[in-house]
Amino acid sequence: MSRRPEQPKVVVIGAGSWGTTFGKILADGGAQVTMWARRAELAHEIDEAKRNSKYLPGINLPRSMRATHDLERAIDGATQIYLSVPSQSARDTLRDMRPYVGDPSVPLVSLMKGVEKKTNLRMSQVIEQELACDPARIAVASGPNLALEIAQQQPTAAVIASSSQETADAVARRARNAYFRSFVNTDVIGTEFGGVLKNLIAVAIGIVDGVGYGENTKASIITRGLVEMTDFAVAYGAQPGTLQGLAGLGDLIATCQSPLSRNNTAGRLLGQGYKFQEVIAQMNQTAEGLASVGPVLKLAKDAGVEMPIVQQVKMVLDGRMNPREIAPHLTTDDDTPQGEGTQNGQDDRGGALRRAIERALDLLRDGGRGARSDRP
Ligand SMILES: NC(=O)c1ccc[n+]([C@@H]2O[C@H](COP(=O)([O-])OP(=O)(O)OC[C@H]3O[C@@H](n4cnc5c(N)ncnc54)[C@H](O)[C@@H]3O)[C@@H](O)[C@H]2O)c1
Ligand SMILES: O=P(O)(O)OC[C@H](O)CO
């Protein structure tokens, strides 16, 4: 099919459930979409049959959607590049893309919700590092976005964040249609960490479901989970409001409630008594939370943030805790009554804010060589 000149070409790298769904969002919004798939057979199925039977069974993809296994051909002429592979393989994929992404006017958009295990970096940081590009060119998309529901064209919203308002606006204008609305902000850290952290709380909720506990336990963990998410993200520079929005609370609700969530599913299997390796063997799609839990706890320790729920998820994953013992608090906590607010200034301890100020003072005292927690 020949391309009409008024339809700009965009490319989606990664043709799993979210990449393909996002391709459909873009195509239904009027873009000429090319998908890049790692496997030639999948590229062929999308290109010819307009189907992705493994990742989106029963969904008809737009007739205009193209797909290829050839990275150079996929990226050639693209006005926006979207990236949706598992976070742990993003760096290798970016390395392969490097020769073809030179045009500095082309935004690079992360659709991923993980942290790189070996570096503890967010995906926008990995993109910036691997492509040596201006951060103003990078955007991230996040929100309550369960792929299959959106592929079925159920109305949904997301947020596009970039340090450049112009980039966020350009991406949001492209990534919208009658059933998908993109909002914008400039809080990349909060938007990205929201997507990472809600996965960990969703694993905890899955564990609770698998064990057979009811709504009180789940509501307690979701609510305290949001406090943990906020404390952590704010300690790293996020705006607290972002965690109350689509990329925080919104995504937390969707992921914790839905049996479609792979993180929730992985947790449920753990709660039913399966061991970590058995869970991995049963999952044939990406559950980012399983890989992000280690890096998040390391980052939390560096920033002095307490994350009892995430800590318990890690203990269950490691086989060091019986899933039946999971609670919104550590049972080893001391007896001192604790305020309910977040640590970042909403309670009398002002924890995260205080620590951020302390780190800034450390940095100044140290002649700008790095805050205490940043040093090896
Ligand atoms: N599925 C959702 O509902 C959803 C929604 C929002 C965000 N996300 C995020 O999108 C990202 C991608 O998730 P997904 O749901 O599409 O995963 P998926 O498991 O459905 O698909 C992953 C895709 O990446 C490919 N892939 C696997 N290993 C690769 C490698 N080493 N190199 C290149 N490609 C590789 C797979 O072949 C597959 O096409 C994740 O970070 C996820 O958190 C997913
Ligand atoms: O299936 P999950 O658990 O990766 O969640 C998918 C999306 O992130 C929900 O917004």
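All positions are counted from 1 along the displayed chain.
Cβ atoms here come from the backbone N, Cα and C positions, even for glycine.
Together with Lys113, Gly143, Lys198, Ser261, Arg262, Asn263, the sn-glycerol 3-phosphate site in TrEMBL holds one more listed residue from Asp103, Asp251, which is Asp251. Record note: TrEMBL gives Ser17, Trp18, Arg38, Arg39, Lys113, Ala147, Arg262, Glu288 as NADPH-binding, and the candidate from Tyr55, Tyr100, Tyr274 in that site is Tyr55. Proximity to ligand 1 (Cβ under 6 Å from any of its atoms) holds for these binding-site residues out of Ser17, Arg38, Tyr55, Asp251, Arg262: Ser17, Arg38, Tyr55. When the domain 'Glycerol-3-phosphate dehydrogenase NAD-dependent C-terminal' (187-326) is classified with DSSP, helix, strand and coil residues number 107 helix, 0 strand, 33 coil. When secondary structure is read from DSSP and collapsed to three states, Ser17 (NADPH binding site) falls in the helix class. Cα of Glu288 (NADPH binding site) to Cα of Arg262 (sn-glycerol 3-phosphate binding site): a span of 8 Å.
Across the structure, Arg38 (NADPH binding site) and Ser261 (sn-glycerol 3-phosphate binding site) are spaced 23 Å apart at their Cα atoms. According to its DSSP assignment, Arg38 (NADPH binding site) is coil.
Secondary structure from DSSP puts Gly143 (sn-glycerol 3-phosphate binding site) in coil.
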